[in-house]
Amino acid sequence: MTLYTAKDISKNYQSGDEILPVLKGINLSIEHSTMTAIVGASGSGKTTLLQILGTLTKPSSGKLYFKECAVDEKNERELAAFRNASLGFIFQFHHLLPEFTTLENVMMPALIGGKNNAESRANAEDLLRRVELHHRLEHKVTNLSGGEQQRTALARALIMNPAILLADEPTGNLDSRSGEIVFDLLKNLGQERQLATIMVTHNNELAARMDRCVTLLDGSLQEE
């Protein structure tokens, strides 16, 4: 069974009297335990597509299916629960909460999802060990380096053991060494957890190391 399917996804924006089509009839199927790169020029709609796949933005038309169940039939409360339980997100800018520690940031989705404090803490500590930040548990995230912040964001994205990880330029704001560390962690942890990873990237070398690469060009998706 295909894990996630986008069928005939289109997205238009209104600019005065003009309608601007950004995505045109996108079809994309995502299988279990695969890494898919989405590449394309700046402004081609890559982030818009990722936001639609993450149910953060609604398409103008088209359908999303998760394990053959229509995602668009869910109400806002059900969508929020779906995102927290089944989708993990990591962005170019980590979006960590600066007033909280590394450990607290990673625990947050689990607590919101109804996990108790002890279970949330144990899972967060385990993930932070996996991303080699066990020595930074009680540090405020503002005291971490850029690479450490992004590794914290990765641990947070995995805390609910999602089926799909959506990554928007996760290495784009890092130096080459830190970016390589984050990518290797994404790949290795994804394989271990049998995640499907969908990554928007401008880095063609990273895209070539994934199972699949698709290109957004003039609003349409092309397989490479």
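Every residue gets a Cβ built from N, Cα and C, even glycine.
Annotated features in Swiss-Prot:
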type    : residues                                               : note
DOMAIN  : 4-224                                                  : domain 'ABC transporter'
BINDING : Gly40, Ala41, Ser42, Gly43, Ser44, Gly45, Lys46, Thr47 : ATP binding site
### Query
What's the most sparsely packed of the binding-site residues Gly40, Gly43, Ser44, Gly45, Lys46, counting other C-beta atoms within 10 A?
Gly43
### Query
Highest CB neighbour count within 10 A among the binding-site residues Ala41, Ser42, Thr47?
Thr47
### Message
Around the ATP site formed by Gly40, Ala41, Ser42, Gly43, Ser44, Gly45, Lys46, Thr47, which additional residues qualify by having Cβ within 8 Å of the site's Cβ center?
### Response
Leu216
